[in-house]
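> Annotations for this protein, taken from TrEMBL, read as follows:
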COMPBIAS  289-301  compositional bias 'Basic and acidic residues'
COMPBIAS  302-311  compositional bias 'Polar residues'
DOMAIN    124-271  domain 'DDE Tnp4'
REGION    280-311  region 'Disordered'
Amino acid sequence: ELLPVAEEPLLNIINSSLSLDHVPKPFKMAQYTSEELYARFRFGRDDIKYIADLVRPTLQHQTQRSHALSVEEQCLITLHFYAMSVALGSLINQFVSFPKDDQTGQTKHKFFQMGNMPSTIGAIDCTHVHIQAPSEREWEYVNRKGRHSINIQLVGNTDFIITNCVVKWPGSVHDARILRESALYRELQSHRPNGIVLGDSAYPLLPWLMTPFPVANTSEQARLNSSHCKTRCATERLNGVLKRRFACLNYLRVQPKVACNIILACIVLHNIATRRYVPLDDNFDGPEEPSRRDTRSENHTRAGQNGATSN
C-alpha cells in the first residue's frame, strides 16, 4: 500500500532548494572503475544499468535541450542521495509481491529449515524509521519511545526478500492496526492462503496468522514457542539488513510524505540488490540520529500543542 507519490522525481525536490551555482555536477559512469562505483553508489556497473532501464520510461527526456541529464546520470545522482528516487518507489508492486499458493513450496521448506515451523509462507513485523518532527500533526508521529517515526509493516522470507509492505502510518499507530487496515489483511481474510504467516504477540491469532502462546503451560507449547521464535526472527533479521543496506533509514531529515517515498524506493532497491546478490557494506556509516536532547526538545514542543491523535 502506497502513500500518494509525488509527481516529480526526488531529484527535482532537491534541486528546487539549490541555486544554480550549487547544482551538483552530473555523474558519469565512465569516469569510475567498478570498485569506485560500488564504493560511492553501493551498486556495480551492471546493477546501475539494470536500474536505469527500469525507470527509463519515467525519466527519459525526449530531447537534449538545456543539456538534459541522461537516465544513467539521474540514477547516479539519485543513488548518491539516499540511493533512491520517487520513480523507483513507483515500481513497488513490480518488485514486492506476496507469494501465490503455487509459489510457496520452496518458501515453506526454507522456513522449516530455520526452526522446524511447518507451512510458513512469511513472517510479519513492523519497524520504525525515525524522521524529523513534522510541521503538521506532529503528535501523531511520536512512537512509544518518544521519537518521531514512520511505522512500516514488512512481510519477508528467509532470503531477505520483502514480499509485502505498508508504508504510510505515523509512529503512534499500533502494529495490529496497520495490519488490520491493510490490503494484505483483507486478501488473506477472504482467500485463506495455503500456509501461515508468523507474527509476534502484538498481532491477533487468526486462521492464517500464527502468534506464540502468551504463557507456555506444557512442554509442547514451549517447543512450539521456541520454533516460532527461531523462524519468526527472519523478519527481524530482514529489518536489520534493510537498514544496514540503506543506513539513511536510521533517521530521515525530511517530512513524512518524502520519507515514505524514500522508504518505498529503499524497499525496491533492497529487493533488487538481494536478488542480484549485491553485497552489504559493513563499513558504511549512516546519518546521525537526533540526540536525546533533541528528542526532549521535540517532546516539549509536542506537549505545548493542542490536539489528539486520530484513529
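Using the three backbone atoms N, Cα and C, a Cβ is placed for every residue, glycine included.
The model shown is predicted, which means the values in this text are computed figures rather than measured ones.
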> Do you know the mean pLDDT across the domain 'DDE Tnp4' (124-271)?
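PLDDT averaged over the stretch: 96.
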> What is the number of residues in the domain 'DDE Tnp4' (124-271) that are helix, strand and coil, as DSSP sees it?
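Residue counts for the domain 'DDE Tnp4' (124-271) by secondary structure: 65 helix, 34 strand, 49 coil.
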